[in-house]
Structure formats: structure tokens, C-alpha cells
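Working notes, structure below.
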Number of protein chains: 2
Amino acid sequence: MSSHKPIKVALLGCGTVGTEVVRLLTDQAADLTARVGAPVVLTGIAVRRPHKHRDVPAELLTTDAEALIASDVDVIVEVIGGIEPARSLLLAALRSGKSVVTANKALLAEHSADLFEASDASGADLYFEAAVAGAIPLLRPLRESLAGDRITRVMGIVNGTTNFILSGMDSTGASYGETLDEATRLGYAEADPTADVDGFDAASKAAILASLAFHSRVTAADVYREGIASVSAADIAAAKALGRTVKLLAICERVSVGGDDDQTAADGTPITESISVRVHPAMIPKSHPLAGVNGAFNAVFVEADAAGEMMFYGQGAGGAPTASAVLGDLVAVARNRVHSGRGPRESAYAALPVRPMGQTPTRYHISLDVADRAGVLSQVAAVFAEHDVSIAAVRQEGRVDDASLVIVTHAATDAALRSTVDKIGGLPVVREVVSVMRVEGEEL
Amino acid sequence: MSSHKPIKVALLGCGTVGTEVVRLLTDQAADLTARVGAPVVLTGIAVRRPHKHRDVPAELLTTDAEALIASDVDVIVEVIGGIEPARSLLLAALRSGKSVVTANKALLAEHSADLFEASDASGADLYFEAAVAGAIPLLRPLRESLAGDRITRVMGIVNGTTNFILSGMDSTGASYGETLDEATRLGYAEADPTADVDGFDAASKAAILASLAFHSRVTAADVYREGIASVSAADIAAAKALGRTVKLLAICERVSVGGDDDQTAADGTPITESISVRVHPAMIPKSHPLAGVNGAFNAVFVEADAAGEMMFYGQGAGGAPTASAVLGDLVAVARNRVHSGRGPRESAYAALPVRPMGQTPTRYHISLDVADRAGVLSQVAAVFAEHDVSIAAVRQEGRVDDASLVIVTHAATDAALRSTVDKIGGLPVVREVVSVMRVEGEEL
């Protein structure tokens with residue numbers, strides 16, 4: 001069927017995803033050969049403790065990743081995760097002209113510039129579809145299908161653990177702590193859930209998405225990040241009362257700068273376009289396509305000038321789904337080897353600056369317990385006016401001794417909204433700030 | 001920024017999509033140059049009546065498409081539609097080594113083999129993302145992202161006109177005729193709606209999707225096709241009563257052949273795997289991700305062995321969304337020119353046979369008006385048993401003079417289901433077969 005010499009593949013790491021990669025390479029060998037135009041042969045698997053890997057051919061296992069990379073392999077597939085030794089190994093691979101397929105979001109979110117530089121210098125491919133949203137084809141559409149359009153926003157649920165917890169809180173009314181315990185018990189949260197619940201995982205993915213969508217270099221350190229640990233049952237209830245639901249969102253969007261904005265670049269020229277890249281919980285309307293994405297599923301909503309609104313939905317994690325994305329990339333880089341092609345390179349020409357969160361326009365939902373007497377709304381409204389924050393909607397409900405006041409704002413800078421909330425919390429007529437949460441997914 | 005010589009583009013046709021392509025090429029010239037690595041320059045637009053095109057630069061217009069293709073252009077973008085002259089022009093372009101980007105679903109569904117052959121012979125790229133589901137990145141994910149997986153099913157809403165009509169019937173309870181009139185008045189249906197409402201448009205798209213998903217050549221003639229003209233208000237009401245909704249679906253799926261199947265290939269060997277490619281209205285559960293896709297939107301649900309379930313959602317038609325898909329392909333083929341790369345070729349190695357509809361397993365919903373007396377169900381059930389069709393659920397509701405009987409079957413061949421319905425319609429106890437519709441999107 002094919003006269004091209006085999007494409008030799010080395011695997012670095014062999015956990016859940018790696019094991020599935022090995023299985024798919026074996027089970028689908030004939031199909032892969034036909035699709036690539038040459039046999040795809042696994043020549044080695046680098047692991048730390050070979051005796052722990054009973055599910056893969058023992059003769060392929062080695063502890064010497066450097067030697068494996070230095071051997072005559074064509075493609076390195078990396079599923080170790082974390083920064084080191086993955087970074088050094090992949091840089092060595094790319095520098096020596098080996099194509100790289102990686103699922104390593106943390107590495108890409110911090111060191112993609114180095115990796116792309118090494119890839120450019122040698123002409124070796126660097127593919128990483130599996131790094132964001134598991135099996136969902138997302139990076140290829142952003143990098144390639146929408147390459148002729150102007151993407152304005154990417155907003156997604158990209159972390160299954162936090163979505164499982166928030167979905168659970170929404171359906172049971174339970175607290176964050178109880179629901180996290182349940183998620184841990186069921187295996188949806190790790191023993192140390194920090195990377196997920198504090199938003200680090202989503203922030204890495206947001207950095208990768210923003211880089212591709214806006215042709216700019218964005219690292220994890222550029223991403224504003226809030227996790228879900230402070231989301232309360234009251235927040236969830238407040239969202240429900242307004243026909244909304246709470247999701248942890250990774251948001252990457254273009255921010256047009258108004259005339260009264262005084263941001264300037266290092267050389268003093270005014271900045272006319274910037275981007276916001278952030279991860280935080282937010283209320284979205286139940287009617288928004290992302291609202292129905294429950295449990296461990298992922299979905300990413302994309303808006304572009306010409307294409308309009310799109311959504312990509314699927315399994316964001318797990319061995320087999322992630323391995324599917326790895327194999328898709330592997331077929332692409334192997335085909336490129338066979339046909340002397342090259343995948344897309346880094347595209348960072350736009351170099352849009354990332355806007356600080358304080359200067360990013362956003363909208364707040366604020367729920368207050370207030371004294372039930374005339375004049376409360378006017379005092380509260382005065383604080384909003386003072387901070388130049390415009391109110392979009394107010395709902396007051398009286399009870400016997402006190403009342404609740406729910407306010408949704410128009411867009412204002414995050415700093416102005418925070419100051420407003422701080423000052424309102426100190427008003428004598430306000431007994432308690434029950435819930436404060438950003439609102440996304442609707443224009444007002 | 002770039003030292004590569006400009007990539008010269010010729011446009012064939014300049015209707016709604018073509019005009020948007022010209023606009024995007026102009027508005028985004030700087031971005032396209034940066035993304036491609038060379039300027040992308042429009043050198044000519046072939047149209048039949050140049051005086052009718054006031055929105056594009058007059059000096060680019062020509063009536064001589066052949067001469068434009070023969071000039072020193074690099075890429076031909078075709079948005080004429082229909083078989084001829086598009087087919088002859090694109091074959092000439094590919095044979096002379098010009099890359100082709102086309103949105104022409106009818107042409108691809110009938111003549112992709114010829115086009116791919118010409119593309120292979122000269123090494124010129126053939127891209128056609130805009131041919132299916134407009135702006136939704138779908139073909140690239142199927143062809144590339146899932147190239148390492150085994151796709152088992154592609155099921156989608158790929159025609160906006162019919163989805164607009166069915167959504168309207170569902171929300172108003174109006175008849176097909178009334179709703180079609182409304183769609184025509186609002187511009188969602190053409191004066192002659194045949195291509196849409198009779199399923200021809202969806203069938204072309206199904207052929208393209210099946211070819212890519214299953215690495216087999218499938219043409220429009222291979223696709224079983226039923227339109228929506230026979231969908232009645234009673235069908236919609238019957239679906240609603242069962243928590244389902246009616247959609248026109250393009251379905252491409254692998255069908256495993258059981259031991260009692262006697263299909264053989266031309267050489268007498270038994271066929272162990274085949275595919276079903278079909279377009280017809282079907283009831284799907286309201287909980288299915290496709291059920292919420294309303295109006296003129298498109299969405300495609302994909303299932304693969306390793307990746308699991310995915311959905312792609314967005315605008316399936318319109319000038320700007322379709323132009324976005326065309327531009328994405330244009331950037332890809334232009335990049336390939338700059339970097340001496342090549343896009344994916346035809347992959348038809350699997351050559352899976354398309355199963356006749358009669359031998360395709362499907363499930364029916366049947367709603368009957370029956371005489372309200374004991375023994376009706378046993379007579380009806382006997383007909384099912386006789387045809388080896390297993391009943392999944394029955395609901396009987398008595399009224400004063402008669403009763404309704406709703407039956408949902410397990411999977412059986414379409415031929416067996418049809419025979420069953422025919423015979424039941426002739427039973428003296430059955431007053432009327434109120435609604436017969438296939439059921440999709442759930443396993444039973």
C-alpha cells in the first residue's frame with residue numbers, strides 16, 4: 001500500500017493517556033498506515049519505573065529519554081506533563097529536527113516561545129491539540145479554519161473537575177465543600193485539587209487559546225485567575241433566581257479601547273486594541289449554549305467577525321479522548337514527514353497587549369441584605385453613580401425585618417465595580433453582601 | 001514583514017459569498033499577509049454579467065474564466081455553485097497546478113473523485129470547508145483532528161431552511177405548508193425550495209461527510225433521501241407528546257453486519273462492515289444536543305471510538321459565515337504555497353460499501369387511531385412479531401369512541417419496519433395511521 005519508509009515514534013511518559021496512545025497505535029495500525037501513507041511504528045517508551053507498566057510491550061520501555069530522543073526516531077509524543085523534564089526533552093527533540101506532539105498545557109502556557117523558536121529553527125513540527133479541551137478539535141479550527149477571520153471572543157468551560165462541582169452545586173444546592181468531597185470520592189477531583197479548583201489548569205488553557213486566537217504571545221502569568229473555592233450556595237441560588245447558572249469560564253476577548261482610556265505602550269503611543277484573558281466563575285443565562293454543558297464535559301464558544309457564533313463540545317479529559325487528539329496530531333506530523341510538508345508555525349505578529357483585570361470591562365451581579373426602609377435604594381444607587389457604574393436592573397424584595405436588593409450592572413471596569421462593592425458593603429443600611437459575581441454571555 | 005512573492009488569487013463567481021470574500025480579502029489584507037507569510041492579492045473575478053457587480057473593483061472583473069485560470073494565478077476560489085461550468089473550470093485549474101478552494105457541495109458530492117485525481121496528479125491543493133455547514137469548522141476536524149480515531153457516526157442538522165421550517169412547526173403547531181410560506185416570505189426559503197425541502201442539499205453534504213469520516217468514496221446518488229414535505233402537524237405533536245422533536249438529519253454511520261446477514265461483495269466474499277448514509281426527518285429526544293439547535297443554525301454531532309461524543313455548532317449558511325470558511329482554506333493553501341507544503345489528499349482506502357436503506361437498521365415511532373376494544377393491541381403486536389420487529393414501548397389512550405395507540409420499536413431493518421406499517425394500516429381495527437417517523441439519538 002505504501003513504499004515510504006516507516007515513521008518512527010517515541011513516547012515520553014506512559015500514564016493514562018500514554019497507555020491509550022499505545023493501544024490506539026496498535027489497534028489501528030493498518031488504518032494509520034493508510035492514512036499517513038507509511039507505517040507508523042512505536043520504537044520506544046520512556047518511563048521512570050518500567051516495572052510499573054505491564055500494559056505495554058516490555059521491550060519498548062526505557063528509562064533513558066535522552067537516548068530515545070537521540071535515536072533515529074521521527075516523532076516524539078510527550079505525555080509526561082509538567083515543566084521539567086518535559087521542557088528540556090522537547091527542546092532537544094525540536095532542535096534535532098524531530099517533530100513533537102504534546103498534550104502538555106502547563107509547558108505550552110509558560111514556554112511556548114522557546115518551543116516555537118526551536119521548531120522554527122529546525123523546521124520540525126510542534127502540535128498540541130490535546131493540551132486544551134481533550135478530544136474536542138479546537139486548536140486546529142482556531143489556528144487554521146478561522147485563519148481568514150477576525151476572532152473576537154473565545155469563552156469556554158475547559159476544566160471538567162470544576163464544571164462537575166458547579167453542576168453538582170447547581171442541582172443539589174449543596175455547599176462547595178460538600179460537593180468537592182463528593183467529586184473527590186467519585187474520582188472527578190484529585191486528592192490535591194488545587195490545580196483545578198483554583199483555576200490554574202484553566203488559566204494555562206486560556207493562555208494557549210488567547211495566543212492562537214489573537215496571534216499574540218500570552219503566557220499563564222498574563223492570565224487573571226480566580227477559582228471556584230469562594231463560590232457559595234448563596235451565589236448559586238442567586239444565579240438560579242435570575243434564570244442564570246454559574247460556570248468557571250476561561251475568557252479571551254478583544255477589548256476596544258474607548259476615547260477616555262489613557263493606556264499607552266512603552267514607547268508612549270496610545271494602545272488602541274488590547275485583549276483580556278481571564279479565568280473566573282461567572283453567571284451566564286440558562287439560555288446560553290454553555291449553560292447546558294454539565295458534569296465533566298467541556299465546551300468552547302467562539303465568536304468571529306465573519307463566521308459569527310460557534311460552539312465546540314465534547315469530552316475535555318480522560319485517557320481515550322486525550323489520546324484521540326494526540327493521534328490526530330501524530331497522523332498530521334507523520335503525513336508532513338511523508339509529504340515533506342509543515343504544519344502551521346507560531347503566529348504572534350499581532351502582539352496585542354493583555355489588559356490588566358482592573359481596566360477590563362465586565363459586569364457584576366450583586367445581592368445584598370438591606371434594612372427594609374425607604375431610601376436604601378437611593379443610598380446604594382448613589383455609590384454606583386459616584387463610581388460611574390451604570391445599573392442595568394434592580395430587584396427589591398421586602399421581608400418582615402429586612403429586604404433583599406439584587407443589582408445587575410452595565411459594563412464598567414473591574415476596578416470600578418470592586419470599589420463600588422467595597423463601599424456599598426460599608427453602608428450602614430447594608431446588612432450583608434450576600435453574593436457578588438461577574439455576569440457573562442449577554443449584552444446589555 | 002515577508003519577502004515571499006505575493007500569492008495571486010482568482011475568484012470564480014461573485015454572488016453573496018463572493019462579495020464577502022472580496023471584502024474580507026481587502027479589509028484583512030495586513031492580517032492575511034502576516035498569517036500567510038506573503039501578500040494575498042486578488043487578481044481577477046470571473047462573472048457572467050460584469051455590470052451587475054458594483055460592490056467589487058471593476059478593473060478585476062472579467063467574463064473569461066478560462067483565461068483567468070490560465071493566467072499566472074496561484075489559487076482559484078470557486079463560488080459559482082452547480083456542476084457546470086464549475087467542474088470543467090476546477091479540473092482545468094487543478095490540472096495546471098493551481099490550488100483550489102471551493103464551497104461547491106453539489107460538485108464535490110458528485111465529482112470529488114475526478115477533482116481529487118486531478119489534484120493528486122499535479123500536487124495542487126483542493127480544500128472545501130465551506131461546502132458543508134458554512135462557517136462551522138467541521139471538515140478539517142473530521143479529516144485531520146480525528147485522523148487517528150475511528151469515527152462511528154456523524155449526525156447533523158446541515159440545512160438551515162428545513163431546520164427553520166421544522167423549528168417553526170414545533171413552536172407554532174402550524175402545518176408544513178403554512179410554515180414554508182412564512183419561511184419564503186422571510187427569505188429563509190428560496191422561491192423554488194426543492195433543493196432544501198426535498199433533502200437534496202443535505203444529501204450532498206451527507207455524501208461529503210461520509211467520504212471524509214469513513215475514508216470511502218460516497219456520492220450524492222448513494223445517499224438515501226427523504227425531505228420534510230410529508231412531515232405533518234400530527235407528527236410534530238406526536239413527537240412533543242413523547243418528549244421528542246422532529247429534525248431533518250443527515251446521518252452517516254458504520255453498520256456492523258450480524259451473522260444472519262447475507263450481503264456479499266461482487267467477488268462473493270461476505271461484507272463485514274458497511275456504512276449507512278441517509279437524510280430523513282427523525283424524532284430525537286429533547287435532551288439530545290441537536291434538539292436545541294433551532295432556526296437557521298446548523299450543528300453536527302460526531303461519535304468516535306476514542307474521542308467519544310462531540311458537537312460542532314454555528315451558522316451553516318450566509319455570505320459572511322461561508323466566506324469565513326473560504327478564507328480559512330485560502331490561508332491554508334496560500335501557506336502551503338509559501339512553505340512548499342501540501343494539504344491532506346483524498347483518503348478513500350477503506351472503500352466501505354453503502355448499505356441499501358431497506359437493509360439499514362433503524363427504529364420507528366408509529367401512532368395509530370384504533371377501535372377501542374379489547375384485543376386491538378394483540379392484533380397489532382402480532383403483525384410486529386410476524387415481521388420480526390421488536391416493540392420497545394407502547395402507549396394506549398382510550399377516548400369515547402376510539403383510542404390512540406403509540407408504538408416505538410427496537411431497531412429492525414427499514415424494510416421490515418415498512419412492511420410492518422403497511423400491514424398494520426390494513427388491519428380492520430386500525431382506523432388511521434396518524435404518524436410514522438424514524439427515531440434517532442437514543443439507544444434502546
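The backbone N, Cα and C atoms fix where each Cβ goes, and this holds for glycine too.
Secondary structure at B:Lys205 (active site, proton donor), as computed by DSSP, is helix. There are 29 other CB atoms within 10 A of the CB of B:Lys205 (active site, proton donor), with all protein chains counted. Per TrEMBL, active site, proton donor is recorded for B:Lys205.
TrEMBL lists B:Leu12, B:Gly13, B:Cys14, B:Gly15, B:Thr16, B:Val17, B:Gly18, B:Thr19 with the feature NADP(+) binding site. Note: B:Gly18 (NADP(+) binding site) has non-local neighbours B:Leu11, B:Ile45, B:Val56, B:Val79, i.e. same-chain residues 6+ apart with C-beta under 8 A of its own C-beta.
According to DSSP, B:Lys105 (NADPH binding site) is assigned to a helical segment. The feature NADPH binding site is assigned by TrEMBL to B:Lys105.
Cβ contacts within 10 Å of B:Glu190 (L-homoserine binding site), excluding its own Cβ and spanning all protein chains shown: 13. Under the three-state DSSP scheme, B:Glu190 (L-homoserine binding site) falls in the coil class. What TrEMBL lists as L-homoserine binding site is B:Glu190.
Confidence in the domain 'ACT' (B:365-438), given as mean pLDDT, stands at 91. What TrEMBL records for B:365-438 is domain 'ACT'.
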Measure the Cβ-based neighbour count of B:Cys14 (NADP(+) binding site), defined as the other Cβ atoms within 10 Å of its Cβ.
24
To the nearest whole angstrom, state the Cα distance for the pair B:Thr16 (NADP(+) binding site) and B:Lys205 (active site, proton donor).
20
Cβ-Cβ neighbours of B:Gly13 (NADP(+) binding site) (radius 10 Å):
24
Mind telling me which of the binding-site residues B:Thr16, B:Thr19 has the densest Cβ neighbourhood, counting other Cβ atoms within 10 Å?
B:Thr19
B:Gly15 (NADP(+) binding site), number of other Cβ atoms within 10 Å:
14
Report the DSSP secondary-structure composition of the domain 'ACT' (B:365-438) as helix, strand and coil residue counts.
23 helix, 34 strand, 17 coil
Could you check what DSSP calls B:Val17 (NADP(+) binding site) once collapsed to helix, strand or coil?
helix
